[in-house]
Amino acid sequence: MSDTPAQTAPFVVVIDGPSGSGKSSVSRAVADRLGLAYLDTGAMYRALTWWCLDQGVDLEDTDAVTAAAESMPLRMGTDPTDPRVDVGGTDVTAAIRETGISSVVSAVARHLPTRAVLIAAQRECIERCSRPGIVAEGRDLTTVVAPDADVRLLITASEDARLARRARELHGGDGEDAIAATRDQVVRRDRDDSAVASFLEPTDGVRLLDTSELDFETTIAAVLELVERARAGVVDGHGERARSHARE
Ligand SMILES: Nc1ncnc2c1ncn2[C@@H]1O[C@H](COP(=O)(O)OP(=O)(O)OP(=O)(O)O)[C@@H](O)[C@H]1O
Ligand SMILES: Nc1ccn([C@H]2C[C@H](O)[C@@H](COP(=O)(O)O)O2)c(=O)n1
């Protein structure tokens, strides 16, 4: 795959959803199988949180956090097999997943001027992607960052399913204690995050995929089918893109 920017506009797939719905893992797998780039916008908010803590910035101070976003030397890897996140030469890919970041990242994401800085960077990354297209995921991709994307999808799952998935991932099981330890990362975070982004219900034109009863492979297959239909709509030149026919 060439690293030179695509000559034509990239094919853009955007996926939003609540915590633990599976949007990151599904987006990565879909991008990998289709040879597309991958952008994890949540990782950008997490990297900024890491940078603010590293620089001693007060997470409640909108101006200071926004200035930090503007000066942050962030490099987002967009290879779905190795989505590395680098801040000023430090590989923070693992560090930004730690509980210390997860528990405070919503405080950073709630500052609207800060969001504007990251949203501009996300749009640039999507426009300049080094592959024929990109799968970008987060909380406000379908509504704010890329409302004109070729495919717009909201992936969701019941709260119980999401808690169980996250508990298995973080604590190796979904027993009572593991679920209790996971609640803050899923339920409280979604409540805080939904104050500044709309990701609990699909807005007009956004497809909904409820994965509560689907396993990982079936979910990927459903997204791939949606993407292929959209691509066929473009390539076949039937006038309208597949998303125009979609059940919305
Ligand atoms: N359809 C599915 N069935 C079962 N497990 C799934 C499914 N989709 C994802 N998972 C698993 O659920 C966990 C959470 O997935 P993932 O990290 O992709 O969620 P997310 O929506 O990106 O969450 P967050 O926004 O908190 O990062 C992972 O361990 C993933 O492998
Ligand atoms: N487009 C986005 C992406 C993420 N966020 C916020 C909300 C999350 O709590 C945090 C981390 O995201 P995650 O890695 O869990 O997907 O970033 C947002 O506000 N907008």
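Cβ atoms are placed via backbone N, Cα and C, with glycine included.
Remember, predicted model here, so these are calculated numbers, not experimental data.
Taken from TrEMBL as is:
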BINDING   Gly17, Pro18, Ser19, Gly20, Ser21, Gly22, Lys23, Ser24, Ser25  ATP binding site
DOMAIN    13-228  domain 'Cytidylate kinase'
Cβ neighbours within the same chain of Lys23 (ATP binding site) - under 8 Å, at least six residues apart: Ile15, Asp16, Gly17, Glu137, Gly138, Ile155
Least buried by Cβ count (within 10 Å) of the binding-site residues Ser19, Ser25: Ser25
Environment of Gly17, Pro18, Ser19, Gly20, Ser21, Gly22, Lys23, Ser24, Ser25, the listed ATP site - residues of the same chain whose CB lies within 8 A of the CB centroid: Val26, Ile155, Ala157, Arg162
Count of other CB atoms lying within 10 Å of the CB belonging to Ser21 (ATP binding site): 28
DSSP state at Gly17 (ATP binding site), helix/strand/coil: coil
Neighbour count (Cβ, 10 Å) for Gly17 (ATP binding site): 29
